[in-house]
Amino acid sequence: MNRKKMTLARHVLEQQKYSPKATGELSSLLIQLGLAAKTIVREVSRAGLVNILGLTGETNVQGEAVKKLDRFANEVFVEAFGYGGLLCTLISEEMEKPLHLPENCPQGHYTLLVDPIDGSSNIDVNGIFGSIFSFQKRPEGEAHGTPEALLRKGSEQIAAGYIMYGPSTMLVYTVGSGVHGFTLDPGVGEFFLSHENIRIPTRSRAYSVNQGNYRRWAPEVQRLVDDFSGRGDEGERGYALRYAGSLLADIHRILLEGGIYLYPGSLDQPEGKLRLLYEAAPLALVVEQAGGRASTGTESILALQPKNLHQRVPLFIGSPEEVARAESFIRSRRRKGINDSGGERLP
Ligand code: AHM
Ligand code: MG
């Protein structure tokens, strides 16, 4: 088959052949996702012209100001999956409670977890942002909407990925058999396979972090970032600093070129900023399927048992050797008790 002509729909149907128990439902959901992406990108591509920039004046469950595009994208996902009978529950960064779709639930087994716009601070400056998604399946015999049905470990996701609204629009997904990237051809209105079976480089001297948080970090995290930035004890040349302000944009670069992204916890917010269920876990599945690693600094992201829907988590993610280096650095500094012996503290 001519891989260049491989559409998203054909690809998900081909992937389905490798799972003997597949019913075709997940394929339909992923195709539906492509439609939601095209609806959002149509608005994004003329954002400066259609009164979609700026704030709504409301705040979301995280206490963050809601941008008009955050709300629009959330509505697109709700509308796209509200019919079709397959999706029973939708969990979103923009909605405090899960949205149950009772008319879908008799036959629908799936939950969609989504950050409709990741990298919201880039919206008004025509920077890169995107949507992060994860599909879970209600466990056999579990009732709809119970905490047990919704709070699943990342390792139980059955599909995950992101859509990136950049110079070109890309959709990257995994169903647990590799990571595949598609680029939207705007003339045809279709996603075509452009990056088949992405493999992350095992190491690369590049790091992504908001270094403005330096004074808020524990000493061992400060020392790790000193090391990356070339100010560490080893006196090595520093890594290149790359920070997009959009997690998925940084992850996309790291998937293709290697490196590490970190959003550690801080002394005043030990759990960090990023949300486990619809930011960290889906990207962790993508990165691990591409041969990378995702960690809290001490534990695997995919092994974490979520305690609530909007839970935050520290994140160290990227090339396996870079994440292993960060973990061993943090562990050994903690063992040496650097916590008690120095490092800057909050004033
Ligand atoms: P958002 O979903 O509200 O956009 O927040 C998540 C984003 C990540 O995409 C990004 O890496 C991080 O927050 C940036 O945060 P900061 O401005 O603190 O560096
Ligand atoms: Mg967001």
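Note that Cβ sites are derived from N, Cα and C of the backbone, with glycine treated the same way.
When secondary structure is read from DSSP and collapsed to three states, D115 (Mg(2+) 1 binding site) falls in the strand class. D115 (Mg(2+) 1 binding site) has a Cβ environment of 28 other Cβ atoms inside 10 Å. Marked as Mg(2+) 1 binding site by TrEMBL: E93, D115, I117.
What TrEMBL lists as Mg(2+) 2 binding site is D115, D118, E279.
Sequence-distant neighbours of D118 (Mg(2+) 2 binding site) (same chain, six or more apart, CB under 8 Å from its CB) are F129, G130, S131, I132, Y162, S246, L247, L248, E279, listed in sequence order. Feature annotation from TrEMBL assigns substrate binding site to D118, G119, S120, S121, N210, Y243, Y261, L262, Y263, K273.
Sequence annotations record features per position, and here TrEMBL assigns domain 'Fructose-1-6-bisphosphatase class I N-terminal' to 6-196.
What TrEMBL records for 200-329 is domain 'Fructose-1-6-bisphosphatase class 1 C-terminal'. Helix, strand and coil counts under DSSP for the domain 'Fructose-1-6-bisphosphatase class 1 C-terminal' (200-329) come to 54 helix, 19 strand, 57 coil.
Sequence-distant neighbours of S120 (substrate binding site) (same chain, 6+ residues apart, CB-CB distance under 8 A): E64, K67, L69, D70, F129. Under 8 Å, Cβ to Cβ, and six or more positions away along its own chain, I117 (Mg(2+) 1 binding site) finds K67, L69, D70, A73, I123, F129, G130, S131. Under the DSSP three-state reduction, E93 (Mg(2+) 1 binding site) is assigned to coil, being neither helix nor strand. Y261 (substrate binding site) and D115 (Mg(2+) 1 binding site) have their C-alpha atoms 18 Å apart, to the nearest angstrom. Mean pLDDT for the domain 'Fructose-1-6-bisphosphatase class 1 C-terminal' (200-329) in the predicted structure: 95.
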